[in-house]
Amino acid sequence: MLDGLVTAMRTLTVLSVPGKDADEFSRSLYWFPLVGLLLGLLQAALAWIGMVSQIPEFSALLVLLSGVLLTRAIHADGLADLADGFFGGKTRESRLRIMKDPAVGSFGVIALILLFLFKWIALTRIVAHGQYEWIVSGIVLARFVQVVLASVMTYAREGEGTACRFVAGAGGWHVVVAALFSLLILVLVMKMQRLPIVVALLATAVSGSLTGMLAAKKIHGVTGDVLGASSEMTEALVWCSALLLLFY
């Protein structure tokens with residue numbers, strides 16, 4: 001079972017961990033929310049340290065920079081590829097081909113600029129109000145969305161790509177276990193405050209549903225890029241939803 005944690009750590013982070021990968025990569029999906037918790041705590045700690053400067057904009061920038069470095073920017077890369085493929089291609093085949101191209105196009109650049117702009121604005125307010133729990137919650141829920149999409153959707157490519165090994169064996173139990181982990185973390189981090197929990201879950205549901213429906217329409221399934229993009233968009237939407245409560 002712990003080999004799944006090793007695979008999850010190696011897939012989602014730059015952290016080097018001992019041990020061997022799981023024979024079935026889908027077993028790592030159970031651990032995605034816990035890896036998200038580790039990333040969230042590290043980034044929230046950096047945000048707290050950054051606030052020693054009394055400059056929330058700088059603290060928010062530390063969160064974004066650490067997120068990129070800790071994850072090798074694989075999820076941001078997925079969002080850029082998704083934007084290029086979904087909005088630059090005319091057919092399913094052309095979209096998949098564009099998404100596989102390592103070059104970043106104009107749609108990808110625009111998507112990344114908007115993503116980091118929205119994240120930075122939201123994080124600036126979050127750290128200014130000392131609401132670090134939102135940083136952790138957004139990162140955990142973003143990994144949970146990846147589990148859901150990998151489990152309920154088919155793989156869009158013909159048996160190729162890194163994500164194929166995760167999607168192939170994914171199913172309902174992966175969602176159930178990941179959901180329990182995510183909900184437990186959310187309740188503890190949010191200190192059982194009902195409204196913030198509901199708002200965060202609604203933002204997650206909206207992000208995951210929209211990404212899934214768009215992927216189903218454009219390429220009839222998911223790829224690693226779709227899973228990465230879903231993570232980035234969920235983080236952004238959860239953090240932006242925090243603003244509703246901060247200014248409520």
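Keep in mind that glycine also has a Cβ here, set from the backbone N, Cα and C atoms.
Per Swiss-Prot, the feature transmembrane segment maps to 32-52 (among others); the stated evidence is sequence analysis. Counting same-chain residues at least six beyond the ends of the transmembrane segment (32-52), those with a Cβ under 8 angstroms from any Cβ of the stretch are 5, 8-9, 12-13, 58-63, 66-67, 70-71, 123, 126-127, 130, 132-133, 135-144, 146-147, 178, 181-182, 185.
The feature transmembrane segment is assigned by Swiss-Prot to 60-80 (among others). Beyond the transmembrane segment (60-80), the same-chain residues lying 6 or more positions past its ends with a Cβ under 8 Å from any Cβ of the stretch are 12-15, 39, 42-44, 46-47, 49-50, 104, 108-109, 111-112, 115-116, 119-120, 123-124, 126-127, 135, 139, 142, 224-229, 231-233.
Positions annotated as transmembrane segment by Swiss-Prot: 103-123 (among others).
Annotation source Swiss-Prot lists transmembrane segment at 134-154 (among others). Here the transmembrane segment (134-154) has long-range neighbours at 12, 26, 29, 32-33, 35-37, 39-41, 43-44, 47, 63, 67, 75, 123, 126-127, 163, 166-167, 170-172, 174-175, 178-179, 181-182, 185-186, 189-190, 196, 200-201, 203-204, 207-208, 211-212, 215-216, 220-222, 226-228, 230-232, 234-236, 238-239, 242, meaning same-chain residues at least 6 beyond its ends whose C-beta is under 8 angstroms from one of its own.
Marked as transmembrane segment by Swiss-Prot on the basis of sequence analysis: 170-190 (among others).
Positions annotated as transmembrane segment by Swiss-Prot: 195-215 (among others).
Under the heading transmembrane segment, Swiss-Prot lists 227-247 (among others).
The list of residues near the transmembrane segment (195-215) in space but at least 6 beyond its ends in sequence, with Cβ under 8 angstroms from a Cβ of it, reads 86, 133-134, 137-138, 141, 144-145, 148-149, 152-153, 156, 186-187, 221-222, 226, 229-230, 233-234, 237-238, 240-242, 244-245.
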